[in-house]
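Some features that Swiss-Prot has for this protein:
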- 157-170: compositional bias 'Acidic residues' (COMPBIAS)
- 219-234: compositional bias 'Low complexity' (COMPBIAS)
- Lys128: SUMO2 cross-link (CROSSLNK)
- Ser62: phosphoserine (MOD_RES)
- Ser70: phosphoserine (MOD_RES)
- Ser165: phosphoserine (MOD_RES)
- Ser166: phosphoserine (MOD_RES)
- Ser173: phosphoserine (MOD_RES)
- Ser199: phosphoserine (MOD_RES)
- 1-84: region 'Interaction with CAVIN1' (REGION)
- 20-78: region 'Leucine-zipper' (REGION)
- 135-203: region 'Interaction with CAV1' (REGION)
- 141-263: region 'Disordered' (REGION)
Amino acid sequence: MGESALEPGPVPGAPAGGPVHAVTVVTLLEKLATMLEALRERQGGLAERQGGLAGSVRRIQSGLGALSRSHDTTSNTLAQLLAKAERVGSHADAAQERAVHRAAQVQRLEANHGLLVARGKLHVLLFKEETEIPARAFQKAPELLGPEDQLVLGPEQPEDEVGESSDEEPVESRAQRLRRTGLQKVQSLKRAFSSRKGSEAAQPTPVKPPRLGPVRNSEGPAEGQPAAQPAMEPVLPSALEPEPPQPTKEDPERPVLQIESAA
C-alpha cells in the first residue's frame, strides 16, 4: 500500500507512452542554455564585425574625400597649366612674327648693303648727336676775296685743305668742305644778283635821255645818243663795286643772308 502511494500520478499533457524523468528535463535545459550562449557569442561577433565594417566604411569615405580634394587641386593645376600654355603659345607666335619681320629687315638691309658696296658709295661715319663744327671752319671765309680771286682760288683751296686734314680728322674736313662749298655757292649767288642789279641799273640810264630829248631840243636824236653813251660808262664799273645801301636793293639780299646762316 505504501508503494502505491509513492508512485506519481499521471501528468496532464504528458505522452501516454511513459513517465518523463527529471534528468531529461535538465539535459534539455542545459542544451538550451548552451544554444543561447552560442547565439549570444555569434551576436557579439556580428556586432564586432559590424563595427569593423563601419570603421572601414569611414576610412573609405575619408579616402574618397581626400581623393576628391586631390582631384580638385589637380584640376585647378591643369587649368593653370593650360592657361600658361596658351600664353606661352601666344608669346611664341608673337616672337615668331617678330623673328620673321626682323629676318625680312635683315634681308632688306643686306640687299641695300650689297647695292651700296656694288656702287662704291658706302660711307660710314661715327659721330655724336651734339657735335659742333670747329671754329677754324669759319675763320677762312671767302667773303673778303674779290670775284677774280674767288674764281682762281675757289676750286683749289678746299682740295688742299681737305688733303691735309683727311688723314687726321675726316669728319671735320668734310664739315669744312661743306661749309666752303656753301659759301662759294652763296658768293656765286651774290655775284649773279649783283650782275643782275648792275644790268637793271644800267638799262634806265640810256633810255631816259631819248625820252627827254625831243621835249627839250628838236635837233634830232643824234645829239641825244652821244649824251647817253658817257652816262653808261660810269655805271658799268659801279656794278662791280660793292652795292650801295639802298632800301629797294637790300630786299633781294635778305634770302642770301639766310642762306649763309643755314650753311
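Note that Cβ sites are derived from N, Cα and C of the backbone, with glycine treated the same way.
Ser173 (phosphoserine) sits 78 Å from Ser70 (phosphoserine), counting Cα to Cα. On a Cα basis, Ser62 (phosphoserine) lies 12 Å away from Ser70 (phosphoserine).
Residues of the region 'Leucine-zipper' (20-78) grouped by DSSP class, helix first, strand second and coil last, total 57 helix, 0 strand, 2 coil. Cβ-based neighbour count (10 Å, all protein chains) for Ser62 (phosphoserine) stands at 10.
For the recorded site, Ser173 (phosphoserine), the DSSP three-state label reads helix.
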